[in-house]
Every structure is written in C-alpha cells, then in structure tokens.
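What Swiss-Prot records for 73, 120, 212 is active site, charge relay system, and it gives similarity to another entry as the kind of evidence. Residues or ranges marked as domain 'Peptidase S1' in Swiss-Prot: 33-257. For 110, the entry in Swiss-Prot reads N-linked glycosylation site. Swiss-Prot lists 1-28 with the feature signal peptide.
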C-alpha cells in the first residue's frame, strides 16, 4: 500500500485520447455535491477552499498544519487557502485565510493534457501554519485502500444542480458508496487506472463542478480526492472518480517530510 501506480501512459490510453473518447465524460476543470444537503457546520474540519482573489477555484483537504492536499489540475499561479469555513458569504469564527507558498504536483501528473486524469494529486504548502482546533484540524491519511460497498462522505461548495450550475453559499455533504474497480471500469472503459477509485449512489449523489480537490472520507479517514466524472454530473451509472489516496500515501508523507 502507498506505492503510486506507474507513471508510464499505456499506448491504448493515448489512442483513446487521440480519438476523443473522453469527450463529454470529464468535468475535472474546476470540478458540487448533487443529491446532498448542507453539512452540519464545521463537521468536516479538514475541508478547505482554494481561492484566487474572491473566486472559488477548488476544494482541498488539510493534512498537516502547513499542508493541504488537492487535485493537481487545481494549481494556479497565485492563490490562497481558506480553512474553518462553512458559509462563503460570511466570515465564520474559526475562518482563516493563508497564502500558498508552494504547489507540488505529483511528478507523473501530465499538466499538458487536460484529458489525462492520472496522478491528479497535489500538495500545497502554506506560507504560515494554521491555527488548529476542533473546527480546523488535519485528517488522517488512508493506509489501507477502501472496501467495496463502504459508506463514505463527500463534501464541497460545488454546484448543486447539473447541467445548469447553481452554487450554494454553504458547505454541502452527501453519502456515497465505494464501487468495485470492475464496475468503475465498465462505467468509464479504458479510463480508470489503479490510482483511481469510484464512488456513487443509486440516487445520483455526486461531486460536480467546483468540488475538485475535495475529500472522500470513509470512517474518518481520507480515501480519495475529487478529480473527475460524468458531465452532466449525478448519473447513478456514472459515479464520481477520485484519486485513490492509499496508492499515494508514501509520496505524500515523503514530500511533506522533506520540507518540514
């Protein structure tokens, strides 16, 4: 566990890309919580929001007092991280905003091809340490991979309707279940790697535009980072796709350890 999948891109994946087989199936850029509800305020104390000025870019997950985990495609030239937030319209008591000091994409992430979602994971080092407490605290990283059928929580400020977009002011949550790798591959033929995990529900609960980089939490442990899925979102037969944390634990810990 913890070893990332190989960086090499298989020839058949490249053929899919060249043929445009991904058209209409991805939503990673910016990538709600469909069929969810408002989270209990500060029940997800590891949830963060990435902002470029006043614009929400992505979600993120606090994994250390100076470290946030998110999707690699969320990287921007200059942006900040908000912690302890619930309502984006008003300042919450525990809310903190810290500038990003450094963005470290996984070395195998292909930033030149927006259709390639492999290794879509990134560590953000904050300029200053976060003030930790009950409403702002890091989450534990998965050492073991999630089990099929396991119930998990997804959260974010992304759109709550699709294809029309309607962004909420408050953090939304929904319950999903882990899909088998075979079921995931049947939903997205030729597009799923061992570094990805699918999760969804029969009622269409799903992440969507604006949720990229946010957490998939199972039994209080971080098992996934929101990356991509179907467009429109919320199709029961087309689950959300997440970067599988258990495959990257070693890289995460090694990268954080080098700079702490």
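Counting begins at 1 with the first residue displayed.
From the backbone N, Cα and C atoms, a Cβ is placed for every residue, glycine too.
Quantities reported herein were computed from a predicted structural model and do not represent experimental measurements.
Look at the recorded positions 110, 212 and count other Cβ atoms within 10 Å of each Cβ; 110 has the fewest.
Cα of residue 120 (active site, charge relay system) to Cα of residue 73 (active site, charge relay system): a distance of 7 Å. The distance from the Cα of residue 73 (active site, charge relay system) to the Cα of residue 110 (N-linked glycosylation site) comes to 9 Å.
For the recorded site, residue 110 (N-linked glycosylation site), the DSSP three-state label reads coil.
When the active-site residues 73, 120 are scored by other C-beta atoms within 10 Å, 120 scores highest. Here the CA atom of residue 212 (active site, charge relay system) lies 17 Å from the CA atom of residue 110 (N-linked glycosylation site). The DSSP secondary structure for residue 73 (active site, charge relay system) is helix.
Look at residue 212 (active site, charge relay system): DSSP puts it in coil. Mean pLDDT of the predicted structure over the domain 'Peptidase S1' (33-257): 92.
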